[in-house]
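Swiss-Prot feature annotations, pasted as is:
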BINDING   D23, S52  Mg(2+) binding site
BINDING   Y170, I171, E172, A173, G174, S175, G176, G202, G203, G224, T225  sn-glycerol 1-phosphate binding site
Amino acid sequence: MEMVEEHIKGILKNRKIHFTLIDPDEQTPQEALEIAEEAILGGTDGIMIGGSTVNNDEVDETCKILSENIEVPIILFPGNINSVSKYADAIFFMSYLNSTNPYWIYGAQALAAPIVRQAGIEVLPMGYMVVQPGGTVGWVGDAKLVPRNKPKIPAAYAMSAELLGMRFFYIEAGSGADKPIPPEMVGYTKKATEDMVIIVGGGIRDGEAAYTAAKAGGDIIVTGTVVEETNDVRGKIEEITAAIRKASIE
C-alpha cells in the first residue's frame, strides 16, 4: 500500500473523504471486521481504530484481523500509549491541544514515541481539539471544552498547530455527541490554515450532517457511533458517503 498520507492527499485532490471509526472496546475483533467490510462496501475510505478506554490486546487483535482482510488504510486513533499496533498502517500521532493536563498534550506522546518507532508504522502528526459536549474523551482528557459559539478558538489552535508542523487537525464533539460541530466553527478552522487536512467528527449520524460538515470545510468526515447503533451499516455509510461526495462537487 502507498503511504497513507499520500493516499489521503491524493483523494483530496478530487473529493472529500469519509473514515469509519471502530472502538475495539465495543465489539469483538470479528465483529469489528464485519463492520469494516460493510462500511467499505458503503464507500468508506479508511478505518480508524481507537477509543478512550481500550487496551493494547483489543487494539492489536482488531488491527491484525483487519490487516489480513481489508485493503483500505487502517489508522490508529490512540486513546493512550497502550493503543499502538504494528498491524496498523499509520497512527494519528496527536497532541490534545485543549487538555488542561500536560500528560495529554505531550507526556503521553513522549512515552509512546519509542513504541511507535518500534512498531514501524507511518506517523500522521495531528492537533486534536474537543468541543462541547465532549463526551468520554472530554472527561478522560481533562479538556477545557471549547464553547460551541466560539468558532475562532479552534481556528487559532489549528493555525498554531500548523505553524508547529502538524499536518492534520481533528475537531470533534466527542463520541456519541447529540449535535455535530457547528459548521461556522469548521469553516473558520479551515480558512485559518493553509495546507492542513481538517478532520471533523462527533455527532454525525446521517447524510445531512455529513454534507454540512464537508461543505463547511471538513476534508475528512469521521463517523463511529452510527455503525454501532444501526442494523444496516452498509446502507447508513452509503447515505453518508454519498452526501460527502455531493458536498465535494457543489
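Note: Cβ is positioned from N, Cα and C throughout, glycine not excepted.
Give me the structural setting of these features: burial, nearby parts and distances.
Around D23 (Mg(2+) binding site), a 10 Å sphere centred on its CB holds 24 further CB atoms from the protein chains shown.
In three-state terms derived from DSSP, G203 (sn-glycerol 1-phosphate binding site) belongs to neither a helical nor a strand segment and is classed as coil.
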Among residues Y170, I171, E172, A173, G174, S175, G176, G202, G203, G224, T225 annotated as binding sn-glycerol 1-phosphate, what is the maximum Cα-Cα distance? Answer in Å.
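The sn-glycerol 1-phosphate-binding residues span at most 17 Å between Cα atoms.
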Round to a whole number and give the Cα-to-Cα distance in Å for the pair G176 (sn-glycerol 1-phosphate binding site) and D23 (Mg(2+) binding site).
12
Tell me the Cα distance separating D23 (Mg(2+) binding site) from G174 (sn-glycerol 1-phosphate binding site), rounded to the nearest angstrom.
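Computed Cα spacing between G174 (sn-glycerol 1-phosphate binding site) and D23 (Mg(2+) binding site) is 13 Å.
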